[in-house]
């Protein structure tokens, strides 16, 4: 075999191609690379491209049997990270043919697989991915999307309200159902299974599904509004998960739930297909995300996990609350919130968006703000997230001194007051506390909630309107 030369050669000779013009069909990745001391950035970037595509550590005879130029990943641009020593953003282009159609699992196995244990790198983080329409079109995506969900629920022009039922573990099915009923009757749109409520000895899944369905129908009959409870179908096997989803459909409930990272993308995509085929909405919880996305220099940013979920399928996903966080973090959160909801998102490095993303007609996902929020946060949340969001108050509903239903009333009154104020042209950023105070004058439930959680010392600037 002519021209085969055994031995180890530098990656950059093959995989670093600064002159490469990216194709519209390429999947593009932005990696934050921290090379080991003495490893030049070109070699590190090329190593990432090689190890996440066609390369291996030594030249192999079988390379001659295929066209490497057609299939290899290419590191096409490298830039140093401002303010960091020896850290670079390396841009890698992958040819479309490297990935199985409609499989987030396969995409991640390549792009964030073995390469993350690579010795020449001290650390590696995937910051963003550009998914080309040629690839995204091979996915079903979210079962229904934002507009279809609004039509199913007949709720328009405001964020939706939810509540995670607490204590998350230990209630019997009957008491759990009662807690759901109280919240829904009080004015919430949804109640939620906690992510770790699956099927434990104190409450088996089937009993919970039954009592929660009863709660939904009773609350619907009393309020004249459509209600839902996120029934967590997450299970130890895919078969068991599907069995739970089927039972939910038989009960006629509107929505089920899945923990997509612990459950896995393969299970999630199967469930999303079932949900579209059977008219179920799908709520997604991101338990385990911080294991992957919390380190600044290693792992994968949540915006990548969010894009992956939009491909795999989900109608709601937890996306942080922004409230009380730093300004920069707000921009970055809103960056991936837009990636979840919008059709077309421009590249904007100040919001952490490394690539222009065109989803074409893939349905959007509703971001869910949940965790440590209460009535005083309502103006900020309405302003930051806008109408296409779900605001979830667990303790902020169930912690009300008069009980669950009054807690739900307080949240609904606060929300309606904020939406009305916004529609009248008032500035929620500056008048938020005032709006809540006014509303509490004619709602004793809200007044009691305001008293418990007192005004929070939280001044937030109006967002830059572009």
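Along the chain as shown, the residues are counted starting at 1.
Using N, Cα and C of the backbone, Cβ positions are placed for all residues, glycine too.
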Annotated companion of 114, 164, 168, 286, 370 at the substrate site, Swiss-Prot, chosen from 316, 318, 400: 318
Cβ atoms near residue 5 (N6,N6,N6-trimethyllysine) (within 10 Å, other residues, all chains): 6
Under 8 Å by Cβ from residue 194 (Mg(2+) binding site), counting only residues of that chain that are 6 or more apart: 164, 165, 166, 168, 169, 232
Under 8 Å by Cβ from residue 195 (Mg(2+) binding site), counting only residues of that chain that are 6 or more apart: 232, 234, 259, 285, 287
Candidate with sparsest Cβ neighbourhood (10 Å radius) among 114, 164, 370, the listed binding-site residues: 114
Local Cβ density at residue 166 (active site, proton acceptor) - other Cβ atoms counted within 10 Å: 15
Residue, out of the binding-site residues 168, 192, 286, whose Cβ gathers the largest set of other Cβ atoms within 10 Å: 192
